[in-house]
């Protein structure tokens, strides 16, 4: 009888153990099925974007935008073109935001909201690449790939709209003006364009990485940036009698040299900072010392402490050198017009999410770990407001040689249009899979 009781107790324990663990096993099965479904959908998105009709549509869009580049806060035709395409897709949008920007909406409007961002502005530069879709606007060019960014986001919009019934949240399509120096992202935020958005993803084409490869890193990815302009005021005169002048050129020369010590002698070698004087403008004749000289440049930093320190010391050094040489100086950081960019910092969780999606889409070997760069991006304003991930997407034709590749902001810049369907699918897949992850964690 005792043996029977023991056996019954043993079997009861086993039964209870199985019963209590069943929901967890079931949840694990559901999670695996959901992950498999998401991976299949990710591959389907890329296959759809690579279909000849879809790919030709992407190329037409990119080339049309490339032909008619517009500068910061002047993207009126580009914005209208985007609105027209969204109308054809049946996607609602809010416009204008930040003067020329707009935000489209795909999905039911219910939370969670996830943002995808593209910048729209071009550069003040004469295109020197001969092609059938060369810039038709004299002195302006899409030399930073923003035409491709807009195209990829429109491609993602089409992919998402075709699958809107499967979305477990709402995608906000952020078409942003004025990335090139004018901090358009900050104005989008100030006007409430990102209110309610839980997280955001963005990309930038990179001509030195082959198409089909993406890269990024968790934490700091790109530097913050500020600009400064100074006027050194002296007393002009004939170059043959310099003792009767207060030479502003000499004062500027010493200030430029002294500014170099901010990195070489005042910055921890293990920290990253940059101070670069990029222009000096003063004097028109070889035998006349001018009254004044204008000069300026940029400074880069990885922390807010670095920003405030460099800003303070740049002003002190220029004013002190002016005093030493019996001149006067005014220093302007022009933050009312050219706002300083904070560092771009990837949220670790968002980075891992986008990385995993990239590995499914392109293969693990094609998702690389990026180095920190002292270049700046106004996507950084979004990364301050919410969890954000910013990735570099390769746009170099695999057949290109080293001499063929020209960098961003070059009048010879080109990109491989095969990047367009990849970028469109990556945008869409990151958004769709974010909703699956979000729902699981709630």
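Note: Cβ is positioned from N, Cα and C throughout, glycine not excepted.
These figures come from a predicted structure and were not determined experimentally.
Per TrEMBL, Mn(2+) binding site is recorded for 144, 146, 180, 204, 409. For 224-322, the entry in TrEMBL reads domain 'Peptidase M20 dimerisation'. Look at TrEMBL and you will find 1-20 tagged as signal peptide.
What TrEMBL annotates, mapped onto the structure for a quick look.
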| residue | record | Cβ neighbours (10 Å) |
| --- | --- | --- |
| 144 | Mn(2+) binding site | 22 |
| 146 | Mn(2+) binding site | 27 |
| 180 | Mn(2+) binding site | 19 |
| 204 | Mn(2+) binding site | 22 |
| 409 | Mn(2+) binding site | 12 |
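In terms of DSSP helix, strand and coil, the domain 'Peptidase M20 dimerisation' (224-322) has 38 helix, 35 strand, 26 coil.
A Cβ within 8 Å of the Cβ centre of 144, 146, 180, 204, 409, the residues given for Mn(2+), is found for these other residues of the same chain: 119, 121, 123, 142, 143, 145, 179, 408.
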